[in-house]
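What Swiss-Prot says about this one:
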type	residues	note
MOD_RES	Ser101	phosphoserine
BINDING	Ser101, Asp240, Asp242, Asp244	Mg(2+) binding site
ACT_SITE	Ser101	active site, phosphoserine intermediate
Amino acid sequence: MKKEYFGTDGIRGTVGEPPITPDFMLHLGWAAGRVLARAGQSSVLVGKDTRISGYMLESALESGFAAAGVNVKLLGPMPTPAIAYLTRTLRAAAGVVISASHNPHEDNGIKFFSDDGEKLDDATELAIEAELRQPLKPAPSARLGKASRINDAPGRYIEFCKRSFPYELSLRGLRLVVDCANGATYHVAPAVFHELGAEVIPLADDPDGLNINADCGSLHPKGLQAAVREHDADAGIAFDGDGDRVIMVDHRGEVVDGDGLLYIIARQRMANGGLAGPVVGTVMSNLGLEQGIGRLGLPFLRAKVGDRYVMEMLRREGGILGGESSGHLICLDRTTTGDGIVSALQVLEAMAAQERTLAELADGMDRLPQIMVNVPISRGVPVQDHATVTDAVRDAETRLAGRGRVLLRPSGTEPVLRVMVEGPDQAEVSATAEAIAGAVREAHATLTAPR
């Protein structure tokens, strides 16, 4: 059965427009409470990023859960992976994150974690949607839920992150610029790196409810690149608004994306005595990553885009390490979901253990030029099947002749079609991507023209 509200990463949209409205969130809290809360364990954790709309949505969800007879423990602004960790360690029935990740403040969303700190499976999301179709009926007065706050949540998570870094190593002597995207990591990430010995120069760590991801964070690294050069830093670290993504910048100011970081972590794991199972990327992962992992003697598998699909493939194939180019990195022996801080610490572990710069570590992977063009489209318009587009893709694949890849993929979070092309020649890749993007625009105009 097709889901009506849940996408690849929960429920997301523009604040004030369905489903990101207070009345829907009230109903969602009630529906989720009825599905997720177990007998004898009826508490959920609710955390959020720093968007101003988080207050409104938090209050609505809190009321909905209470109406279902579920107790609510409010965490305040916390990274998404922190909520997954705390859900598991505090033995809650579920964790709820109010965030739209890397999107601007005008957007917001909801994602859930099960009691073991993992994202919900399709069956559970469908069960919540089934409850949403029922009228909201509060529990009897004596069984209504209560709400309370957990004030020591940041400290608990900081200590968890520090424990993921080898005790015998230190970050002393490293100067790090840390871009918190004016998001949920602002009050925890600098503390983690500082307490492990690094000199920390914080960036975008002053959220006002409106500046989350605004020209900062993992999607906008130019400010971080400039700051690394200005401060003569050893590396820069950038998170997205909810802290489940990370990209890094080397001492020269060059970006190392999720593919490069995944390679560095895999190589360090092999140096530490091996890595169980395959490394899992996605269909968008650079071909250079696949080749680099192969040189380490490890199999490389590709999942659909979305960290939940990377997670599913890791579980199915017996792997522990995977990730996306965007910086969602998963290390199942340390976390149950993508964790930007923990992932960055593993890269810093490699730097400290090998006494090499980030640039030297990243140079071990030969990246192929890759271009991605996001073409705005209307949802539900089948542009990929239009002859103009299929012909353009066929022509591109013929020209690349097995030396590269072409991939068209609708975004799961935005109304765009992502056109990805990679190959050995930058100019050829750019021209090919623009040609296909032009074909997509032409097909979309044809399919949406008034009849």
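Every residue gets a Cβ built from N, Cα and C, even glycine.
Owing to the predicted nature of the structure, the values given are computational and were not obtained by experimental measurement.
Excluding Ser101, Asp240, Asp242, Asp244 themselves, the residues of that chain whose CB lies within 8 A of the CB mean position for the Mg(2+) site are, in sequence, Asp49, Pro79, Thr80, Ser99, His102, Gly183, Ala184, Phe239, Gly241, Gly243, Arg245, Gly340. A simple way to gauge crowding: the CB of Asp240 (Mg(2+) binding site) has 35 other CB atoms within 10 angstroms, across all the protein chains here.
There are 35 other Cβ atoms within 10 Å of the Cβ belonging to Asp242 (Mg(2+) binding site).
Counting Cβ atoms from all protein chains shown, Asp244 (Mg(2+) binding site) has 35 others lying within 10 Å of its own Cβ. Taken residue by residue with DSSP, Asp244 (Mg(2+) binding site) is part of neither helix nor strand, so it is coil.
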